[in-house]
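Worksheet: one structure, shown below.
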Amino acid sequence: MFHCRFAARGGYGGEPASPICRAMIAFIVAVMIAAIHTRTACALTVATATATVAEFDADAQQVAIANLQRYLQLDTAQPSPAYASALTLLTQLCFGVPNMKTQVSSFVRGKPVLVCSIAGDDPDAPSVMLNSHTDVVAAGNLSSWDFGPFDAERVPSSRLADALTGDDHIVARGAQDMKSVGIQYLEALKLLYRQHPKRTFRRTIHVVFVPDEEIGGADGMGNFVESEWFQRMNVGVSCDEGIASPTDEFELFLAERRPFWTRISVQDVPGHGAMVPKSTATLTLTQILANVATYRKRIAAEIASGEKDLGEIVSVNINHVSAGQAHAINVIPEHAVALLDIRVPPFVSAQQVEELIASWMPCAGCGIDVSFLYRVENGEQTSLDEDENPWAAVFKEATSDLKLRRPSVFFGATDGRYLRAKKIPVFGFSPMRNTPVLLHKFNEHLSTHVFLEGITVYSRIIATLANAPVLLHETVEKLEL
Ligand SMILES: [Zn+2]
């Protein structure tokens, strides 16, 4: 018997003592890696078979559309979402998915998290999570809607000025953001079981419905990712929301911008309104805001020319300005304040943001104070580099027959940031092409054809992710335990 002894450094961290052993181990690891890659290729090839909308049984199509309408008819708009009704309906829909078990828990009273799981053949393999949020934003001014926002009416495209496909559309708040995706996950699983009733998945699948994304997610996903429940789920990869695409390419998001809510206050000497002092607090603030406006003009031009996407730039809006008292127009005020909403892509550092803000200042040491009401230091990105993120190769394979636009940074915030902060790769993907971007807008709608196509798209993504063999980084992590 041949032994390789490791230099004593404790645990598994030691170096093999002899060069022969090192060479042997290098060879064994190379063979293991090759084997894993081969297994990946085989599994992915098998998983590529999927249905198109045309092959999708007509009755099942109507059931899927009806289920979407039922979900959309529940008024889960902030600030008073009907979460209990949504929970009842979604639990009932999960009963229609073979082998699915549901579990519910609330971290904050009245705000339930629902996890619908299908156990995989390999219980130790990290699981696949399919996330959606159950709340929607308020419908706003009802007179601006041509249809009831919670009627989920099915209307022909001729009744919608901005429809991009010729078939029927479902009009409702949440049709795009993102009740459609939640239903697509469940219907995709049903489709997979209809294709192969006895099928199993290598990895456990969790379809997750969380509350409160539209108000920041602290009571929903924020609490959920910190729970033991979530830890036990051993999530390896997740899908979450993206946005619609008006072209025939699908959008994919791998990161999102983070907020830097900034307060700029200026202090100067107060005085009589008839005087002309060299500087005043309002004058200095005006100069700062003029510099902000010049910067804003430049980035607006970059977006308008198509040079950059909104998600790729540091954007800024002046959302509050105050100084002086309305009843004291003859007094030069001592203070002037502005609040800026700055949004920062993940590849821009906090220091770069501070430098940008500093560049707007007209003078140093002249009574200006910059503070942050809220800022997120680092933004995590999901890498598409297959060496950094082996799930990237799996996702690419799962979407290899789709026209995907160059991956982008989501311009707003989603629950995906909580998962990425836990180093979980998240693919922000709502399969809605040939669709105007209507999230948070009036007459939010989705074509029935696009919705059904999304089910077939997700059926392939789910099958490919859930059947992915043990990936290289998972093997390494196991060895390190
Ligand atoms: Zn959303």
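Positions of Cβ are set from backbone N, Cα and C atoms, glycine also.
Pulled from TrEMBL, these are the features on record:
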ACT_SITE  D135  active site
ACT_SITE  E213  active site, proton acceptor
BINDING   H133, D177, E241  Zn(2+) 1 binding site
BINDING   D177, E214, H440  Zn(2+) 2 binding site
DOMAIN    261-361  domain 'Peptidase M20 dimerisation'
| request: Determine the Cβ neighbour count for E241 (Zn(2+) 1 binding site): the number of other Cβ atoms within 10 Å of its Cβ. | output: 24
| query | Within the chain of D135 (active site), which residues six or more apart in sequence place their C-beta under 8 angstroms from its C-beta? | reply | T76, A77, Q78, P81, Y83, P211, D212, E213, E214, I215
| request: State the Cα to Cα distance, in Å, between E241 (Zn(2+) 1 binding site) and H440 (Zn(2+) 2 binding site), rounded to an integer. | output: 14
| remark: In this structure, the one of the binding-site residues H133, H440 whose CB has the fewest other CB atoms within 10 Å is H440
| request: With DSSP as the reference, give the number of residues of the domain 'Peptidase M20 dimerisation' (261-361) in helix, strand and coil. | output: 37 helix, 30 strand, 34 coil
| said: An 8 Å radius from the center of the D177, E214, H440 Cβ atoms defines the neighbourhood of the Zn(2+) 2 site; name the other residues of that chain inside it, in order. | reply: V136, V137, G174, M178, L439
| query | For E214 (Zn(2+) 2 binding site), what is the tally of other C-beta atoms lying within 10 angstroms of its C-beta? | reply | 23
| request: Check the recorded positions D135, E241, H440 for any whose Cβ is under 6 angstroms from an atom of ligand 1, and report them in sequence order. | output: E241
| query | At the Cα level, what's the spacing in Å between H440 (Zn(2+) 2 binding site) and D177 (Zn(2+) 1 binding site), rounded? | reply | 8
| query | Where does the mean pLDDT land for the domain 'Peptidase M20 dimerisation' (261-361)? | reply | 96
| note | Given the Zn(2+) 1 site H133, D177, E241, its other Cβ neighbours within 8 Å of the Cβ centroid, in chain order, are S132, M178, V181, E213, E214, D240, T414, D415, S430, L439
| message | Tell me the coarse DSSP state (helix, strand, coil) of E241 (Zn(2+) 1 binding site). | response | coil
| Helix, strand or coil at the residue listed as 'active site, proton acceptor' [DSSP, three-state] | helix
| What is the Cβ neighbour count of D177 (Zn(2+) 1 binding site) at a 10 Å cut-off, with all protein chains included? | 27
| task | Indicate whether H440 (Zn(2+) 2 binding site) is helix, strand or coil by DSSP. | result | coil
| Coarse DSSP state, helix versus strand versus coil, of the residue listed as 'active site' | coil
